[in-house]
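Just passing along the structure, written as structure tokens.
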Amino acid sequence: PCGTRSSPEYLNQTFELSLFVLCHGMLQLAQLLVSGYLKSSISTIERRYGFSSQKSGILASFNEVGNIVLIVFVSFFGSRVHRPRFIGGGALLVSLAALIMAMSHFISGPYQYTDHISESKDDDSGLCQLESSFQSPLSNHSCTQQESHSQQGVFPLLLLGQLLLGIGGVPIQPFGISYIDDYASKRNSPLYLGILLAVTSIGPAFGFMMGSFMLRFYVDIDKMSKDQIGLERKDPRWVGAWWLGFLVAASFLFLTSLPYLFFPRQMPKEPPSPSLPLFLPGFPCIVLRTLRNPIYLLVVLAQVHLAAMVAGLATFMAKFIERQFTQTASFSNMMIGGVSIPLAVLGIVLGGALMRRLSISTRGSALMCTAAILMCMLTALPLLLLGCSTQSVTGTIPLSSSSVLRQNGSLGCSAGCSCPTETFNPVCGSDGVEFISPCHAGCMTKVQDNNTIKVLNYTNCGCINGSHALPGTCGSNCEHLLLPFMVLSALTCFIASFSQTPSYMMILRSVRTEDKSFAVGVQYMLFRMLAFLPAPVLYGIAIDTTCILWGKKCGRNTSCHYYNMDLFRQRFLGLQVLFVCGAFICFLLSLLILRHRAGQQGQQAEQRYTVVNGVKSPDNNTASKELQRMPA
């Protein structure tokens, strides 16, 4: 046996399998880098093109449409096709999808924000102009230009990129997992799977970190010089260079797809598979056999709840941190990619190592998942209490019944300023009161930097005690709660990720060997149909219902300017708690079923055997015969 384990054939197979795990980890890292980067940039894209949160949610989840349509049929073929080449082809399609999404930037014109500052030092747009017949900065002519065909084609082009991203990703994960599990030993399979899940989980982390870096650059950095940029990063109108990351990700995906052209279709010890014509008639039987497995269904439903939670949080958590704690998009993405996701990766690795170390059974895996999600519930509930209410904003009438946005008395201080209704250029007065524009604050003059067109402050403000204001929002005064929020949030991610590897092993061990690829395919189809597709839209709708002042541009609604932050926090994080509770119930039911089966097997064993003179046999007659055969 020792000589067999050290034989060249064994070492060669181990090397090939380890190399495949490495390559597949890098590919999934690159694939999820695109997904993570999109989610890190979703609030920036929303601001750039005036999308609502619901529309952003549709964009974030649209890649699941193509995936849902194809994943069951592709996964059904499983080991009956050349899996590595299918994986490589899908990766090339994902690379093309990333390029298409970046193309949206190049077909659209320069970013135009309200109260855009011209290069002239004498430009007084956005200020209080008492004696002039004020004209809106957005005339009908400019609105017509902004509604050009190229601008209108941005959202369909982004949807096309997401659709191709979903189609290309169909064979990558199901084929990769089943390919590895087919050739790994039963003892090493959890370790390989844990390593793979951990490496791929770094993909979204890299995506958020890359988003944190790219969003520091202005969106039109390729179209104008640094001195022509009139916004600071903390300005709520700032839009970062969201398109740069897609170009980097497309190159990475292309490189990681190439090794799959050289992997063999079969490794030495793969069992022979029936031919496709003989296998197709058994498709309905496999479907029924898989879907009638209660353990499989309960674990998949538990994972669906967790996947829905992750999909919503990954899409809008950066936006939540921006709004709730008055942080930049770059900093918010750094918190997610540098703190929360690495701890989740660590939890996945430790969960897989723990299973391998203790050789945990299927029943033990169910207990491990149930305990982890129960602890996750306890750490997620306090997050609902960590936050602040929306700051008071003066100078506008609320669009919904709320006392957060209030009208400044009779508005006599700025009544004659003829402030445009679509303006949004928030300023913070020296008395701590926020206005939606310097015009609404009654500011008559501004001080600009001598070397750039950036505004340093506004002066002669009739509505402010102290007569001057700084550009930008006053904030929610909630920055001191960011640290405890991130600690609890990261701890929740760490604990919940312990259930990742054991839940996957429960799925792989609850179905037949020949059904693994199909079972994984159905699992991912349910993920996409019940979690990844609807969850971002559901979160987006919940967020939109908390908006109290929508932006306006050319007579249509754009992205939300102000939210009721108490409702935002309660509904956004409340959905998280709801999904965690659903996962806990499913894992608990699977544990109870496994315990019930174990109890039934024990009772059947006691009834089947009787003990005669210390000898166990199916019945007394057999026991007597056994005693007669024993030596005296």
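For all residues, glycine too, the Cβ spot is worked out from N, Cα and C.
Below are the features listed in TrEMBL for this protein:
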- 407-462: domain 'Kazal-like' (DOMAIN)
- 58-79: transmembrane segment (TRANSMEM)
- 85-107: transmembrane segment (TRANSMEM)
- 154-172: transmembrane segment (TRANSMEM)
- 192-219: transmembrane segment (TRANSMEM)
- 240-262: transmembrane segment (TRANSMEM)
- 298-321: transmembrane segment (TRANSMEM)
- 333-354: transmembrane segment (TRANSMEM)
- 366-386: transmembrane segment (TRANSMEM)
- 481-498: transmembrane segment (TRANSMEM)
- 518-542: transmembrane segment (TRANSMEM)
- 572-594: transmembrane segment (TRANSMEM)
Let's see if you can do this one: DSSP helix, strand and coil counts over the domain 'Kazal-like' (407-462), in that order.
3 helix, 18 strand, 35 coil
Taking the transmembrane segment (572-594) as reference, which of 85-107, 154-172, 366-386, 481-498 has the most Cβ pairs under 8 angstroms?
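Highest pair count goes to 366-386.
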Are there at least 3 C-beta pairs under 8 angstroms linking the transmembrane segment (192-219) and the transmembrane segment (154-172), leaving out pairs fewer than 6 apart in sequence?
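These two stretches do not touch.
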Could you pull out which residues elsewhere in the chain have a CB under 8 Å from any CB of the transmembrane segment (192-219), counting only those six or more residues past its ends?
17, 21, 24-26, 28-41, 44, 48, 105, 111, 176-177, 180-181, 184, 226, 229, 231, 233, 238-245, 248-249, 314, 318, 328-331, 333-334, 336-338, 341-342, 344-346, 348-349, 351-353, 355-356, 497, 500-501, 504-505
To what whole number does the mean pLDDT across the domain 'Kazal-like' (407-462) round?
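Summarising the domain 'Kazal-like' (407-462) by its mean pLDDT gives 76.
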Counting Cβ pairs under 8 Å to the transmembrane segment (481-498), which of 298-321, 366-386, 518-542 comes out on top?
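Per the Cβ under 8 Å count, 366-386.
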Test the contact criterion for the transmembrane segment (298-321) and the transmembrane segment (333-354): 3 or more CB pairs under 8 Å, pairs 6 or more apart in sequence, then answer yes or no.
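Yes, the transmembrane segment (298-321) contacts the transmembrane segment (333-354).
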Could you pull out which residues elsewhere in the chain have a CB under 8 Å from any CB of the transmembrane segment (366-386), counting only those six or more residues past its ends?
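Non-local partners: 299, 302, 306, 351, 354-355, 360, 481, 484-485, 488-489, 491-492, 495-496, 498-499, 502-503, 506, 569-570, 573-574, 576-577, 580-581, 583-584, 587-588, 590-591, 594.
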